[in-house]
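Engineer: Handing you this structure, nothing more for now.
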């Protein structure tokens, strides 16, 4: 998509300080037991006693980002300790390690082998020569468990890990429990496993649903997390079994080559609702999106939550005046300046809607921890979407529909950061490359402010913050912005890692490659040695010249 893509994904949120007198909204987290009592079809297994809660959570204890050492393959040459379990402070002396995202279709759809094997091999050699720490790859549920429940095929991924190991690169493995296709940058189509979509066809309430009844097959509804609807297993059990199988099949690479598990929690792998789906033209930037709480499991929970606070009339549906996907905040009654978002009802609804998302994250991270705890050298991360359009308004409508209860009066990112911190994970945030003035001002886009808020939330929660660029950028302006955001701040505020989107023919064009090599040097050597930009450019030119043959091979092979 043309220019609009620049504004859509990946950014972090600025930690907005609650206005004086602002307080956390009280809400009820409903259980399936209560929902069943309300006439719902929710299974008893989903029940957790009805309880009153607030958005405020006790801060997590700071977690030492152990993965930093594993991410820095050249540490020993720089006189640093290289033990994978060493604390983050030593590793930060080597700047910010840079990873590069692999193509979405790196592994064949049947899971048996790599696509474009020669291109992958040449690309990994080039990345190593430029000083990158490693790569990130999607481990697709729709590929690795496509044949049937419990039938796993990680052959293509094992081949990739072996190639990365030989190249001396680390790997961030993404447990991609979502569909590929329908989001920004999705160039291929990889649906959920067929046996999963067959169950969704039988019970369409397993899919996220909007007010008009449109079903979304990108990711299973979090409302069904504990429903044994997938051949006798719940979605959470399926995710846990998949991660366990991945760990066991790739055991020789865990902790030495594989240094991070990023666990998917929603569409595009992000912890959010599918509130702005691009497929079939449903949504386009900078629309506010729509709430996704109309499957019967979500509605049962909402009904029980409303009854728990003594307002059963609030439990029938989401806000009636919240508009449609492509409207703007002031076009709606709920999101306008003095709209329903700031009423007692609005606070109740947003507290329930956002808490459901946080509890979804808790369930998956608990499952993830049960699998990877005790695996030295492997860190877990969670990706949060950078929804920066209409950030300058009071209601922050696109963030609200996505499940982030972040308004002028309410910090939506600190509760998420604390949830991530309780499991010792890293918060990964996008749009680090964006600048406010590059975005359409009429949509009040503020990516820099958003990144600042999320960074503040991560710091307060004691969790590591990692970054990504939202869209492919090969220019020095974007590189400078990433460097200023991720690497040039005070030592304690540096990002723990940065993942560059994405490997492809454009990256290996000579000018782009030279700029990328200089970017990696500047990122990884910040705080290590005092060098001028001119010196970095000269060194990058040397890298570009030395790797000319291999990048030409990679660029040609990637185009085939």
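Each position is counted from 1, following the chain as shown.
The backbone N, Cα and C atoms fix where each Cβ goes, glycine too.
Annotations in TrEMBL come from automatic prediction, not curation.
So TrEMBL says this about it:
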type     : residues                                    : note
ACT_SITE : 270                                         : active site, proton donor
ACT_SITE : 468                                         : active site, proton acceptor
BINDING  : 138, 178, 186, 383, 388, 430, 469, 470, 502 : substrate binding site
Engineer: Report, in whole Å, the straight Cα-to-Cα distance of the residue listed as 'active site, proton donor' from residue 469 (substrate binding site).
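Structural biologist: Distance between the two Cα atoms comes out at 14 Å.
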Engineer: Using the structure shown, find which entry in 388, 502 (the binding-site residues) has the sparsest Cβ neighbourhood within 10 Å.
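Structural biologist: Checked 388, 502; of these binding-site residues, fewest Cβ neighbours within 10 Å: 502.
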Engineer: Looking at the recorded positions 388, 468, 502, which has the shortest Cα distance to the residue listed as 'active site, proton donor'?
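Structural biologist: That would be 468, nearest by Cα distance.
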Engineer: If you draw a 10 Å sphere around the Cβ of residue 138 (substrate binding site), how many other Cβ atoms fall inside it, taking every protein chain shown into account?
Structural biologist: 24
Engineer: Sorry to bug you, but what's the C-alpha spacing from the residue listed as 'active site, proton acceptor' to residue 388 (substrate binding site), rounded to the closest Å?
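Structural biologist: One finds 15 Å between the Cα atoms of these residues.
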Engineer: Whole-number Å distance between the CA of residue 502 (substrate binding site) and the CA of the residue listed as 'active site, proton acceptor'?
Structural biologist: 10
Engineer: In Å, rounded, how far does the Cα of residue 468 (active site, proton acceptor) sit from the Cα of residue 138 (substrate binding site)?
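Structural biologist: So the Cα of residue 138 (substrate binding site) lies 15 Å away from that of residue 468 (active site, proton acceptor).
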